[in-house]
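Enquirer: Pasting a structure here, questions to come.
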Amino acid sequence: MQRLLTPVRQVLRVKRAMQEASFMPPLLPPAAHQRFSTVPAVPVAKADTWPKDVGILALEVYFPAQYVDQTDLEKFDNVEAGRYTVGLGQTHMGFCSVQEDINSLCLTVVQRLMERTQLPWDSVGWLEVGTETIIDKSKSVKTVLMELFQDSGNTDIEGIDTTNACYGGTASLFNAANWVESSAWDGRYAVVVCGDIAVYPRGNSRPTGGAGAVAMLVGPEAPLALERGLRGTHMENAYDFYKPNATSEYPLVDGKLSIQCYLRALDRCYTLYRQKIEKQWKQAGIERHFTLDDLQFMIFHTPFCKLVQKSLARLMFSDFLLADSDTQSSLYKGLEAFRGQKLEDTYANKDIEKAFQKASLDLFNKKTKPSLYLSLHNGNMYTSSLYGCLASLLSQCSAQDLAGSRIGAFSYGSGLAASFYSLRVSQDASPGSPLEKLVSSVSDLPERLASRKRVSPEEFTEIMNQREQYYHKVNFTPPGDPNSLFPGTWYLERVDELYRRKYARHLV
């Protein structure tokens, strides 16, 4: 028995010595166990130890080389003129043939980002993909993208795919920023990729489709810095939009519920963001409400442009309910009849919707409309929609116009997950500055959109039928001509009998 107890005594002796040397705290008495918490009394890391201004350093956008005109689609679908162009606020819709899938879209946008920035491939230490376009239930898009890093020998890259409807891109951006600010950061860049192919069966939902991808370079000293501590997030269980059928690209959609979920999430995220920024202000000695006036620009996840206009009006309504009733601001002139309402009781109130859309029109034109250029001409890009709006804003404004501004951003993914956060733009807009370079890099967006091929609704419908036919098919070469793609585009070359996909790049 003595021999058996000896090792235990040795362990206790070592533990006691460690306690005396202050390597570990002494064991707590039994009564204290109930009060024990792993939460430190003070922050582990001080603010001045974090990398400064972590955010978006560079940005690249990809969209397909063909589109269908929404006016043509209205005629083809035998609906009244204006249903898609006015009712949805859309003019054109980009789409992919069978030659392109989510892997090829992401390959293209990452390659373009790295070529534009001229960064070495081994300078990336984090790569994460946000998408809801799933073509394999196990193998991630991220693993396919690793092919781009093969020649550099860089396999030490963290991150993986993130999925929840249209929210995955934002989750990936937050994760990348968290990595840069963490003890795991090794000084390299993070790359965030978000992309999707949004397709619907023929009918009322089809005109809300689109396709595209965005890649963002994330690191410190960024011209678009994520404001620390200023995120309002709301998540809940809802069946507004979901994809339970793995044999089809098409979702199940409750359109009315989805819009209500979007607006409810917007209300709650905006309220939480307001509370957090007002708390920061209070600590700095500032006592006032946060309003839209504190955002120079406001971008939204954009299923269709008309919903975004309603959403900005919704934020104005939220500000209005908090404003003093005796406020003489001309902004709220004629709206006093709507005092005393509760946000949660007004989602179906058309009078409030119309009144605040009218009252907020100038704010919309100034703060949000410039961000809708890509959405207007390409449609919904799901996870990359919000970041396509960011690219549009940068392409429609000068560096001087953007310098020093705060950009509000609302991200929404059905099911549902949503966040409201903000980006602080660098003050330096001088020639050659990071901000000026970023703005210049997307200045060709209108020109690139104008260079696409216009396709008839008949041909568009045939291509959609082909996508149905080849979805999850094996041992085939996709129909189509690679020469119809933009130069430098990756495309699906073949799927073999074991579902393995081979990709090639169209000549630059």
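Glycine is treated like the rest: Cβ placed from N, Cα and C.
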Enquirer: Out of Asn103, Asn237, Asn378, Asn380, which one does Swiss-Prot list together with Glu80, Ala81, Cys166, Asn204, Thr208, Ser258, His301, Lys310, Ser414 for (3S)-3-hydroxy-3-methylglutaryl-CoA?
Expert: Asn380
Enquirer: Near the Cβ of Lys333 (N6-succinyllysine), how many other Cβ atoms are there if near means within 10 Å?
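Expert: Around the Cβ of Lys333 (N6-succinyllysine), 10 other Cβ atoms lie within 10 Å.
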Enquirer: May I ask for the distance between Lys310 (N6-succinyllysine) and Lys342 (N6-succinyllysine), taken between their Cα atoms and rounded to an integer number of Å?
Expert: 17
Enquirer: Rounded to a whole number, how many Å is the Cα of Lys333 (N6-succinyllysine) away from the Cα of His301 (active site, proton donor/acceptor)?
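Expert: For Lys333 (N6-succinyllysine) versus His301 (active site, proton donor/acceptor), the Cα atoms are 29 Å apart.
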Enquirer: Can you see whether DSSP assigns Lys354 (N6-succinyllysine) to helix, strand or coil?
Expert: helix
Enquirer: How many Å separate the Cα atoms of Lys342 (N6-succinyllysine) and Ser433 (phosphoserine)?
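Expert: Per the Cα atoms, Lys342 (N6-succinyllysine) and Ser433 (phosphoserine) stand 46 Å apart.
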Enquirer: What three-state secondary structure does DSSP assign to Glu80 ((3S)-3-hydroxy-3-methylglutaryl-CoA binding site)?
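Expert: The residue in question, Glu80 ((3S)-3-hydroxy-3-methylglutaryl-CoA binding site), is coil (DSSP, three-state).
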Enquirer: These are the recorded positions: Glu80, Glu132. Which one scores highest on other Cβ atoms within 10 Å?
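Expert: The most densely surrounded of these recorded positions is Glu132.
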Enquirer: Just how many other Cβ atoms lie inside 10 Å of the Cβ on Ser440 (phosphoserine)?
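Expert: Excluding its own Cβ, the number within 10 Å is 14.
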